[in-house]
Amino acid sequence: MAADNQNHHHPSHGDNNYTDLSQVLAPGSSNPATPRLPPISAPPSQFHSPSLSRTPGRLRTPRFITPLGSPLRKALHMTRLDPNDAWLPITESRNGNAAYAAFHTLCSGIGIQALVLPVAFTALGWAWGIICLTLAFTWQLYTLYILVQLHESVDTGVRYSRYLQLATAALGERFTKLLATFPILYLSAGTSMASIVIGGSTLKLLFQTICGGACSSAHDPTTVEWYLIFTFAAVLLAQLPNLNSIAGVSLVGAVTAVGYCTNIWAVSVAEGRMPGVSYDPVRAGSDLERLLSVLNAVGIVAFAFRGHNLVLEIQATMPSSEKHPSTVPMWKGVKFAYALIAMCIFPLAIGGYWAYGQLIPQGGMLPALFAYHGQDTSRFILGLTSFFVVVNAVSSFQLYAMPTFDQMESMVVTRLKGPCPWWIRASLRVGFGFACFFVAVAMPFLGSMAGLIGGIALPVTLAYPCFMWLNVKKPTKYSKMWILNWVLGVFGLALSGALIAAGVYVVIDTGVKASFFKPI
């Protein structure tokens, strides 16, 4: 019994995780009694990592009361511990910090989608374009704060290490399966596919920029071959085992994202406005067409602020205790990252629209840079910008694919009741990478559907966190927080439906050409 007490009753001596075990009240007695626990083969540093994504019935782990030992606790709550978390990519390592959080958040929060923002201004105009961009930035920063605060419960000591876990606990399993699972999986796998399209196409552009007219076009790699080259690089880098191990990759991705955004808007503004530029919003034929065009533009703005589906996963890589919760360093990292994001996207959107106006191509700022300034800008700047885009795409692939890796490996870990063998892990990740490559080759036009994708992803970013706050925190009815979250949540869902309808219309009407198996 002494050994049991040493191993189970005082886990805080060798563990930094948030959930600590306390005493369990023996039935029929008011005195605490330490139960005999069946052995669980998990590393001690990862033992107290609850995972609510798995069905409790599958895990033969005992029920524990999980307060943090404070006499101020009003109630004791029952939960389950999942030792599988010790072997999964997201929760395998918990030595993250505020700097790691800033790297991951910046890499996931800014990307090639920001280069399409000036296209939204062509339908919204100056005033409404800036208003929508500012409101969307403020709104998503608020919901990001909500997710950071909801990551761990002070009352129960439970950490929600994945977005779907929190959604299931707060909104219910049925709701999560129907309305949250698809957008989350789409943001993970869909962004990985888009990274291959963008990275492969930009690799081709980089090759042409460096080579100039000296290369023979007959021997140039095709677009599909560039996709394949990019996929090989992404899959090779994907062998890094867990989310903490790619902190350096995220740092490189963050630096290159800031680099190419700054390069593009600085060159565009320095070269001046294009001759004949116009800032009058594009007017479609009928009132319905104008409305749908505006909604599609709002969807493009919403698409620029993705990445909320990774916030809980990033925070899960940090140690946490009652005295030092992970919320503090996570929010520090987020604030730093979003300060840099604001310094990139606002000049990019405003400066890009000022420089090109209605002449901005549908592909956004990168095609505009090469189309209008390819001859009067040094090849070094053009090549460096393309190189930054490629490196950022490879880095983003790792970050957005990690939840999918985690889900695939969780099935293996659950079946084996032990860590996933390295060869299975490598096979799963290689298979995922080349599955994304196949879809990228089959549907290379996915990058042109920014408005539709923004509508699909919008609830994950702007609506669901508000409902989670209401169900978990239970603010006083009709209080300011209660009203604010209900208004934002309902409006977010309604806006998502409108944006999806507008995105589908724009894809059908204005014609994103569905060039299946014909990447340009």
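First residue shown is number 1, and so on along the chain.
Here the Cβ of each residue, glycine as well, is placed from N, Cα and C on the backbone.
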Kindly point out the range from 226-247, 380-401 that TrEMBL annotates with transmembrane segment.
380-401
I'm validating the feature mapping. Which of 250-270, 292-312 is tagged transmembrane segment in TrEMBL?
250-270
Considering only Cβ pairs within less than 8 angstroms, which of the stretches 98-120, 126-148, 380-401, 422-443 has the most against the transmembrane segment (250-270)?
380-401
Three or more CB pairs closer than 8 Å, sequence separation of 6 or more: does that hold for the transmembrane segment (98-120) against the transmembrane segment (422-443)?
no
Can you tell me which of 126-148, 184-206, 333-356, 422-443, 449-470 gets the most C-beta pairs within less than 8 Å of the transmembrane segment (380-401)?
184-206
When you scan the chain for residues with a C-beta under 8 Å from the transmembrane segment (422-443), skipping those not six or more beyond its ends, what do you find?
189, 192-194, 196-197, 200, 224, 227-228, 231, 234-235, 238-239, 241, 401, 404-405, 408-409, 412, 514, 516-517, 519
